[in-house]
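*Asks:* Before we start, here is the structure in question, set down as structure tokens.
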Amino acid sequence: MPGRVKKRSPLKAPDRPYIALGLEGSANKLGAGIIKHSTDGSTLVLSNVRHTYITPAGEGFLPRDTAQHHREWALTVINDALNKAGVSLHDIDCICYTKGPGMGAPLVSVALVARTLSLLYNKPLVGVNHCVGHIEMGRQVTGAQNPVVLYVSGGNTQVIAYSQQCYRIFGETLDIAVGNCLDRFARVINLSNDPSPGYNIEQEAKKGKRLLPLPYTTKGMDISLSGILTSTEAYTYDKRFRPTGPSAEDGEDIITPQDLCFSLQETVFAMLVEITERAMAHIGSKEVLIVGGVGCNERLQEMMGVMAKERGGNVFATDERFCIDNGIMIAQAGLLSFRMGHETPLLKSTCTQR
């Protein structure tokens, strides 16, 4: 059989260097990143600055307070990014911002900053889909060519693949996102939000010794997570549960917060691996790219790696600089879009939560 002909990219090589500023603020991270596309085809991250709105343990972040944080820190973060990159706003070719999905008030705060800079410096605006930003930056950093993408974050859980110049969703959560599930359980056991609840659950899970039975709900390439969250929380009312760990009087049949973190993480990640493997089989791919904040979790990467190895494939993932919401991913996706001739007119520079 003749080999497949490699499709030529519709994106032409740049005739000059292009520089973009990306602004991200769809949740509790405010990010500004500056990226450069050179004539030799290389991509250079000039700066990637982020500031996180951290709430006390046991609390989540409200849209109004998060938006206020973004407004207060916007100038500081953007100036820091410009200084680290060694450029001024006059050198920027386009200003890219997160159009959605995300939390309404924080999105609007950052879009307002982007519009203001666009008008002040007469620069074109490019609205970017937050999900596509994660994927494009993941592809750029890892070199993955045509992967099945597992996008896991506080607000999104999706299995995605590229087909006919569109990212298409093959499977997703039917209720809450995996990051939201982990964050909410972290609040139940009063874990710190610094640096993030998910990271602290990952560290606690390493100390867990018991794998407790929890609901395992996959439906084709979709999953449901609200039931497992309720069931894990129910264990905290069990008479065997010890919030501060075992005491000298306790026998072996006790449950610790570490056991619950371990059990929740193992079960949820097994579900994610299963639906990702189904998508790989469906489209015939041997590459998996994990993006989104939860993609930083080393246990998830390890479990996905075992599955991919058994299928003769590879797992691609990035570290916290690019996994967690950041401005550089918005700059990357926005600049690719800009080079393809796309701009967002001022009257359409709105935001959407979905």
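Backbone N, Cα and C atoms are what each Cβ position is placed from, and that goes for glycine too.
Pasting the relevant annotations from TrEMBL:
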DOMAIN    46-331  domain 'Gcp-like'
BINDING   His130, His134, Tyr151, Asp325  divalent metal cation binding site
BINDING   Tyr151, Val152, Ser153, Gly154, Gly155, Asp183, Gly198, Glu202, Asn297  substrate binding site
*Asks:* Could you say which of the binding-site residues His130, His134 has its Cβ with the most other Cβ atoms inside 10 Å?
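*Replies:* Result of the Cβ crowding comparison: His134.
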*Asks:* How many Å lie between the Cα of His130 (divalent metal cation binding site) and the Cα of Gly155 (substrate binding site)?
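*Replies:* Cα of His130 (divalent metal cation binding site) to Cα of Gly155 (substrate binding site) measures 11 Å after rounding.
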*Asks:* Roughly how many angstrom lie between the C-alpha atoms of Gly155 (substrate binding site) and His134 (divalent metal cation binding site)?
*Replies:* 13
*Asks:* Going along the chain, which residues six or more apart from Gly198 (substrate binding site) have their CB under 8 A from its CB?
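*Replies:* Correct list: Gly154, Gly179, Leu182, Asp183, Ala186, Gly293, Val294, Cys296, Asn297.
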*Asks:* What is the interatomic distance between the Cα atoms of His134 (divalent metal cation binding site) and Ser153 (substrate binding site), given in whole Å?
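*Replies:* Their Cα atoms are separated by 10 Å.
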